[in-house]
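The following features are taken from TrEMBL:
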- Glu70: active site, proton donor (ACT_SITE)
- His68, Cys98, Cys101: Zn(2+) binding site (BINDING)
- 17-163: domain 'CMP/dCMP-type deaminase' (DOMAIN)
Amino acid sequence: MYNESISKELCFMIRVREDETWMLEAIAEAKKAEQIGEVPIGAVIVKNNEIVGRGYNLRETRLDPTAHAEMVAIRDACDRLGAWRLLDCSLYVTLEPCPMCAGAIVQSRVKRVVYGTADPKAGCAGTLMNLLQEPRFNHETELTSGILQQECASLLTQFFRRLRER
């Protein structure tokens, strides 16, 4: 019993460390968005411990309301993998997915979503509703939240503070 408890705790700690590593990659993507004046949201998609998709917010740059970080990363991963099903993939994103992105995540069959900070205005991974784990859909996604929450929230807070100061 004691060894089993230690083993579970060790597995949990390893998973959190891995999640933090990949979230740092998503934060790096978010900073790319910030550098071009976009809202700093970033995402990466990981399969077999390798990044297969990257994206950051490009709505203003592309004049495309669907160019959210998750959508860009999903398109990138689908292109790289040559498939629309992202089975056995994990998506790491700095901000909780909106309804559109949650729908794309379900449709692309992403296995797991890890997000940094909640979105009180549009969050559809538990804040306003949970579309990722809706049992009436044909796919349910594993969900982890709050990984590097302070860092992810700070990116957004600082960005909007600077925007208001202009």
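Glycine is treated like the rest: Cβ placed from N, Cα and C.
Remark: of the binding-site residues Cys98, Cys101, the most isolated position is Cys98 (fewest other Cβ atoms within 10 Å of its Cβ). Counting only the Cα atoms, the space from Cys101 (Zn(2+) binding site) to the residue listed as 'active site, proton donor' is about 6 angstrom. Around His68 (Zn(2+) binding site), the C-beta neighbours below 8 angstroms that are at least 6 residues distant in the chain are Ile41, Gly55, Asn57, Arg59, Cys98, Met100, Cys101.
The helix, strand and coil residue counts that DSSP assigns across the domain 'CMP/dCMP-type deaminase' (17-163) are 60 helix, 32 strand, 55 coil. Report note: the Zn(2+) site is defined by His68, Cys98, Cys101, and the residues of the same chain whose CB lies within 8 Å of the CB centroid of those residues, excluding them, are Ala69, Glu70, Met71, Pro97, Pro99, Met100, Ala102, Ala104, Ala122. On the 0 to 100 pLDDT scale, the model's mean across the domain 'CMP/dCMP-type deaminase' (17-163) is 98.
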